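Input: a single structure, listed below in structure tokens.
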């Protein structure tokens, strides 16, 4: 029997998603399409009459703005928000800013596939000569991090390893205490939570790609285990496309 509800949403499409560039910790803005996705997701939450007691997001504006949109549309802008770097997207290191074609030309298609599809192989690190090194590594929002906490690149395994402690120490106790939680974050940090909730294998989580801007609802028991599969919120067509996209993730392209 479900005793708790958790809502998660991957941010709407960013300007760099639109350009097919590795974004990671670069603070890209939502694209026009992404802003519309956030509004559509917010409307779905409003229509479902879902209320929140506390919200969590990353320190990147594409996730924060998606959260703002949801709280605005649902008239819950007063609800407390916790921002943390631990919910940031995976750090794509030296690939940051490159599009797929440029990356394949520079490193070879086979190597790029390993970086994208492998659970525990990180991309090359972002060195001090990288165009975005200073704007990311020296940004004051990360001033409080210990040197060993500030990544220069991450695999999906690394991303999950820094997101899960925050889930275990901060979010899970709030849910168990009866708080209604919303998490607005990124594809890879949310994957880590989904993997943990559902006990998915490393391979299975690599094949799951959460759709942008569509709220995901979990009904959880007292041990925070799902009592039914994840559910998407939205109109029938939006939900159908989202489910098809997720179902197709593991198939050969």
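Cβ from N, Cα, C; glycine included.
Model, not experiment: these values are computed from the prediction.
Here the candidates are 135, 155, and Swiss-Prot annotates 135 as phosphoserine. When you go through 152, 227 in Swiss-Prot, the residue listed as phosphothreonine is 152. From 31, 118, the position flagged in Swiss-Prot as phosphoserine is 118. When the recorded positions 3, 90, 133 are compared by Cα distance to residue 11 (active site, tele-phosphohistidine intermediate), the shortest distance belongs to 90. Here nothing among the modified residues 3, 14, 132, 135 falls inside 10 Å of the CA of residue 90 (substrate binding site). Non-local contacts of residue 89 (active site, proton donor/acceptor) by the CB criterion (under 8 A, 6+ apart in sequence, same chain) comprise 23, 24, 25, 58, 60, 159, 186, 187, 188, 189. Residue 121 (phosphothreonine) sits 18 Å from residue 100 (substrate binding site), taking the Cα positions as reference. Put simply, residue 10 (substrate binding site) is 24 Å from residue 132 (phosphotyrosine) when counted between their Cα atoms.
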